[in-house]
Amino acid sequence: NRYVPSLKLKCFISVSNIFSLVFNLCVSIVNIVEQKTNEIVLYYVILPCLLEPAADVVSKSLEWGRLDLEPRFVHVWHEGQNLLVNQNPAYRGRTSLSTEKLKHGDLSLSLSALKRSDNGQYRCYFPSQGKTSTVELLVGKWTCFHVCRMFLHMFTLVLKCESKGWYPEPELLWLDAEGKILSAGPTETVRGPDDLYTVSSRVTLVNMLKEQSDELNKVKTQLEHQNKDMEREHVDFDKKLQSVDKETESDKVKGYLKLKEITLEIKRQLTKRKQEHEALQQNTQTVLNKTDKVMKEMENKKKEVEKHKVEISKELKKKEKNQLEQKEET
């Protein structure tokens, strides 16, 4: 069995703090799981080893090892407990077996905090039956983003992410702060002579913010219309209540009191609906304000970048002029 991980490379973007971007890596591998501790991501793999027919082996002995290492022991289980005295130091604190799985003949080994040096052939040995199973683990290389660029053009901010040294070929995704996938351009993938992959992708953010702002404005307009409709309904019900109050002086007092009770209940429901709509409208306005603030910050940043470009251009021209003068003097 040869394990070749399939990788997913994800760019995390906090839109509310767009100029101090934080990029994290998440790798999703077949039988390889990610664990997060603050900003550190750890990965572990399950090396499979199943006993057939299945049997309870908790009280038995088994050995996971790599014959190319000294000592060869990756993890040893002996009569109901871990026996790690002779464990290879490279695997200390990174291996574990499940007692619950051992009860059902599952001898699979969990290996955490994966390293490139974990590549190799692992042997699962069950001495009481003389059975052996081998698994070859191939840990792909993953790297942090070492090229992150921002391009400002008119009112559009384009972010580009590029990462090198991947194997096997990864999938690159852009995510926002809530973990939702953003619409991005096609991923460019290049395979180098060393069989490692370089991937890059771009995402346009300002357009996305404008689309979000337009959508929120539509919602806001709908809420305003709904509020007006509810106001009209309130007026109608108030008129009906006043009419019922006058009619109670007649012989139909009981019937109209019942009608009044029903009408009051409907009015309470309308009031509740109105309050909920007002709260939703207020939340929508808050989000709109935040979106507008981010867009203004981006426009200000653009002006700063353009100003910086002009200054750099002046410096370059000045430098060229000085070089020409030096050549003429020479």
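Cβ from N, Cα, C; glycine included.
Quantities reported herein were computed from a predicted structural model and do not represent experimental measurements.
For reference, TrEMBL has these:
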type: COILED; residues: 206-247; note: coiled coil
type: DOMAIN; residues: 158-207; note: domain 'Butyrophilin subfamily 3 member A2-like Ig-C'
type: REGION; residues: 299-330; note: region 'Disordered'
type: TRANSMEM; residues: 12-33; note: transmembrane segment
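Secondary structure of the domain 'Butyrophilin subfamily 3 member A2-like Ig-C' (158-207), assigned with DSSP and counted as helix (H, G, I), strand (E, B) and coil, comes to 2 helix, 27 strand, 21 coil. In the predicted model, the domain 'Butyrophilin subfamily 3 member A2-like Ig-C' (158-207) has a mean pLDDT of 78.
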